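Right, one structure below, let's go through it.
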Amino acid sequence: MTSSPFLDPWPSKAVFVRERLGLGERPNDSYCYNSAKNSTVLQGVTFGGIPTVLLLDVSCFLFLILVFSIIRRRFWDYGRIALVSEAGSEARFQRLSSSSSGQQDFENELGCCPWLTAIFRLHDDQILEWCGEDAIHYLSFQRHIIFLLVVISFLSLCVILPVNLSGDLLGKDPYSFGRTTIANLQTDNDLLWLHTVFSVIYLFLTVGFMWHHTRSIRYKEESLVRQTLFITGLPREARKETVESHFRDAYPTCEVVDVQLCYSVAKLIYLCKERKKTEKSLTYYTNLQAKTGRRTLINPKPCGQFCCCEVQGCEREDAISYYTRMNDSLLERITAEESRVQDQPLGMAFVTFREKSMATYILKDFNACKCQGLRCKGEPQPSSYSRELCVSKWTVTFASYPEDICWKNLSIQGVRWWLQWLGINFSLFVVLFFLTTPSIIMSTMDKFNVTKPIHALNNPVISQFFPTLLLWSFSALLPSIVYYSTLLESHWTRSGENRIMVSKVYIFLIFMVLILPSLGLTSLDFFFRWLFDKTSSETSIRLECVFLPDQGAFFVNYVIASAFIGSGMELLRLPGLILYTFRMIMAKTAADRRNVKQNQAFEYEFGAMYAWMLCVFTVIMAYSITCPIIVPFGLIYILLKHMVDRHNLYFAYLPAKLEKRIHFAAVNQALAAPILCLFWLFFFSFLRLGLTAPATLFTFLVVLLTILACLLYTCFGCFKHLSPWNYKTEESASDKGSEAEAHVPPPFTPYVPRILNGLASERTALSPQQQQTYGAIRNISGTLPGQPVAQDPSGTAAYAYQES
């Protein structure tokens, strides 16, 4: 590939830096530059191109804000109608339906550009009422990160940056970005100890802020959740009465309130969703005929709304007749499927006890460690039904929240689940192995001269902004592949799904955005040479690449792009808007378009959002010592991210009900950021000072102690379920206050697919307020017995607007 005029100065800069750093002609260092010689990344320009990238990214951010304001004013119904429609579908959303007009009133009170001022005027109490506890914990986590970065920004800019500028290893050019990095200090400079000390301080600061955040996480444990056990490993032919009799005989002091077996209802869920859509469409055209006195003809083919003439195969038919026929067919299929489901138990059960202490006692009996000779786990208390129920094979845990359970995924278990998991993740590995990082994608594009016309312009504005924009775009695309692969794994709870997503997306992002580009592995040919060619002199570890003068500028530009372009795109929710547009185009009729509007609201994906934010936070912390100028831009990113998330949580997404473990998982991964900073500093000391230098030994000791502490914490976290103390519970004041109340059994259990209770004879109300949510079977038939249906004052207006 012919080198472009823009890249001609690169070799001379490489020679200059090698001489100044005293690295000589070592192949590792030349590799770092050669790998980027014909690439659009890691370019050496004035101050790393940061001023240019900052100006263009801010301009793009303002443009995205303008576009969002227009879309919100003209097309915001695609989000609002869905939120109003979802409001009355489930008990946990009834706080929305009770004040669904309050959101509109709140915006009207704010005057001009209400969504922008709402970000600053929203109180946590409003967000708690509207979005739930998980949103509060998520925003609290962001606030702790903000305060942490404020402190680190002050220390990095007021202490570390002046120390780096005091060196003269890279000259006195005020436009040189390298002067702000640790590479500007001489190896015999005692001020290098300051960096080591501050890296330890940053570690303790992070631990302190995260500990404070963890203490603030308080969940209102719903008594029904702590009273219910989830049991797997039951024989599929086990009956409800047999399970109840076993607990009555084995644990005479524990009273069973209810036992619910689980069935394979994935297909039933799909059929019921289609039926509700059909019934709504039928009601839409029935009301339209009553209003106009004319019957409506439709073309029931995909994109049929765009057919303006009748040809063979695209004939029009009466809308009421079409949807009546579809509804009758679906009702027949639902009836047949319902009777078939009763013969397909899954070998799982939810068992609810009268008191929490009873469930705790039984859980301790099944899961507590009982070392008896060579047996680590003893048998639970037996009964006359133990052999029939195969009690020794049971796995018993506390049940998750009813809203957290993905009922349709319960049928995927055992070998089938593991084979599906292995297949999905193997395919993911194969795809991502060849597209490991955005840098590799971009360097591969360079091989085909994709970016050659950009270089031919010899315009530093375009040549610096274009790579940064591409880097962010691919950084947003590749995690989406990981995200959707996690959804395909069919986890049984949303909490488990989000928890896996946090770890999976975070680890992948760290490798593709931070570690591999930092080591200079930015093209496929060099990546494979490093991976497989053990005879080449260029295959040793490229730790020198981490500390090249322009390396930090590459990540500063990435953080700037994430702050402005990333936040603007999250506010715009472009993927959701594209999906909405596609579904509206594919809709067959006006009634189908109305259904699309009512099904456009989604729950907030805390797992993916945690992972994305923690990736950028880790990049910031990893370079906070070696490249201190990155920290204030990281603070800007977290501030913008916090404001955008406050808006989206309140105005754009449905509330989610998750377990608190996902928030603790995010805290654990946040603690990895300062540890990576210590690793970076140790590599620098090892390369520049040698292994026997006091600063290197001290950093190495701190790294070892930190790793040891992490291992002990992880092992304790993994094995604490073996301890009976893990199940010790404390009664709340309300529990202690009324003994009589504690003995009142719950009127019903939500751990049951409501579809199975008289679905064939049930007729769903067809108003927009009766729209189902996502996955929980009880949602399909509306509210539970004994629960009032909250009336939505804005429902009529929304319905009228949809029909217009």
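Glycine is no exception: its Cβ is also placed from the backbone N, Cα and C atoms.
The topological domain 'Extracellular' annotation in Swiss-Prot covers 1-51 (among others), and the record cites similarity to another entry as its basis.
Residues or ranges marked as N-linked glycosylation site by Swiss-Prot: Asn38 (among others).
Look at Swiss-Prot and you will find 52-74 (among others) tagged as transmembrane segment.
As annotated by Swiss-Prot, transmembrane segment applies to 134-166 (among others), with the evidence given as similarity to another entry.
Annotation source Swiss-Prot lists topological domain 'Extracellular' at 167-190 (among others).
Residues 137, 140-141, 144-145, 147-148, 151-152, 155, 159-160, 163, 166, 182, 185, 621, 624-626, 664, 667, 670-671, 673-675, 677-678, 681, 685, 689, 695, 698-699, 702, 706 of the same chain sit 6 or more residues outside the transmembrane segment (191-216) yet have a Cβ under 8 Å from a Cβ within it. According to Swiss-Prot, the feature transmembrane segment maps to 191-216 (among others), an assignment based on similarity to another entry.
Feature annotation from Swiss-Prot assigns region 'Intracellular linker IL2' to 218-413; the stated evidence is similarity to another entry.
Per Swiss-Prot, the feature transmembrane segment maps to 416-443 (among others); the stated evidence is similarity to another entry.
As annotated by Swiss-Prot, topological domain 'Extracellular' applies to 444-461 (among others).
Residues annotated as N-linked glycosylation site in Swiss-Prot, with sequence analysis given as evidence: Asn449 (among others).
Per Swiss-Prot, the feature transmembrane segment maps to 462-489 (among others).
The annotation transmembrane segment is assigned in Swiss-Prot to 495-531 (among others) on the grounds of similarity to another entry.
The topological domain 'Extracellular' annotation in Swiss-Prot covers 532-553 (among others) and rests on similarity to another entry.
Residues annotated as transmembrane segment in Swiss-Prot: 554-585 (among others).
According to Swiss-Prot, the feature region 'Gating helix' maps to 554-585, an assignment based on similarity to another entry. Residues in the region 'Gating helix' (554-585) partition by DSSP class (helix H, G, I; strand E, B; coil) as 31 helix, 0 strand, 1 coil.
What Swiss-Prot lists as transmembrane segment is 606-623 (among others).
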Remote residues contacting the transmembrane segment (661-688) - C-beta distance under 8 A, at least 6 residues beyond either end: 134, 137-138, 141, 145, 182, 187, 192, 195-196, 199-200, 202-203, 205-207, 210, 213-214, 217, 495, 498-499, 502-503, 506, 510, 514, 543-544, 546-547, 606-607, 610-611, 614, 617-618, 620-626, 695-696, 699-700, 702-703, 706-707, 710
Number of helical, extended and coil residues in the topological domain 'Extracellular' (167-190), per DSSP: 7 helix, 0 strand, 17 coil
Sequence-remote partners of the transmembrane segment (606-623) [C-beta within less than 8 Å, at least six residues beyond its ends]: 134, 138, 141-142, 145, 149, 152, 202, 206, 479, 483, 486, 497-506, 509-510, 513-514, 552, 555-556, 558-559, 562, 630-631, 633-634, 637-638, 641, 645, 656, 658, 662, 665-666, 669-670, 672-674, 676-677, 680
Rounded mean pLDDT for the residues that make up the topological domain 'Extracellular' (624-627): 87
Outside the topological domain 'Extracellular' (624-627), six or more residues from its ends: residues with CB under 8 Å to it: 152, 156, 160, 180-183, 195, 198-199, 202, 546-547, 551-553, 555-556, 634, 677, 680-681, 684
Residue distribution over DSSP helix, strand and coil in the topological domain 'Extracellular' (689-693): 0 helix, 0 strand, 5 coil
The topological domain 'Extracellular' (624-627) - residue tally per DSSP class, helix then strand then coil: 0 helix, 0 strand, 4 coil
For the topological domain 'Extracellular' (689-693), sequence-distant contacts whose Cβ falls under 8 Å of one of its Cβ atoms, 6 or more beyond its ends: 187, 192
